[in-house]
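Student: Sharing the feature lines straight out of TrEMBL:
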- 1-20: signal peptide (SIGNAL)
- 28-113: domain 'Immunoglobulin V-set' (DOMAIN)
- 158-183: transmembrane segment (TRANSMEM)
Amino acid sequence: MSAAWLKLITILCLFSTALSDPESGGVVWRDVGGSVTIQCRNTASAQERLSLEKGLSQDEILNKDRDSKKITIAKAFRDRLQLDGEFPSLNIFIRNLTTDDMGPYWCVYKKYDNASRQIKTEKGKGSVLLVVRDQERMAVIGDASEKTKQCEPSDKNLVLLSVVISAAILLGIIIGFLIWIVLKTKASRSTRSTVKPRNPTNDVYEDMRGTRRLLKMSTCKPRT
């Protein structure tokens, strides 16, 4: 499976719940080199800034201020992004799409709250999950899969033969090891049987005889 499809599956799993909102744009499929229009909408007139964010980390792609008309666009999108409409309802057009553009896009509206002295954010309508398909890569993968299918029988036979040979070698090693143990055990037993154990009774008798001789010699009287 290609990296693009793995990325797609991950994104679909993570954002299926978020993009199931009726106000989101859902999943949008485009081909490499194509274009997409993201329609960001918000009915609250008090919003001061629109930010188009992408991905898990919600990297900022575009930032438009309501009053100063200032627009900031990320470098990767600078030559490919156009705006149409009046704040806060804006159409964001992205052309020359690549597989790197795949991911979720969020329409985020911001305003400064005087009471809390903080910037409050609110997701507007129009968020989409963009899926960019590479038709050429998919065609190459399809051809490779077809060739793999054609080679499958021989590959399977080769794997089976390798497994059988490995099993036979392992079995031979085990049998040889068992035979060596049996022969070594028999040799050890035969060596033990040829050595006669010393009889402790004979040693006792020899000691007793020696003692008697000493007693006799000590009791004998010398001749005159």
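Glycine residues also receive a Cβ, built from the backbone N, Cα and C atoms like all the rest.
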Student: How many helix, strand and coil residues does the domain 'Immunoglobulin V-set' (28-113) contain under DSSP?
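Tutor: Summed over the domain 'Immunoglobulin V-set' (28-113), the classes give 6 helix, 49 strand, 31 coil.
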Student: The domain 'Immunoglobulin V-set' (28-113): mean pLDDT?
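Tutor: Over the domain 'Immunoglobulin V-set' (28-113), the predicted model scores a mean pLDDT of 91.
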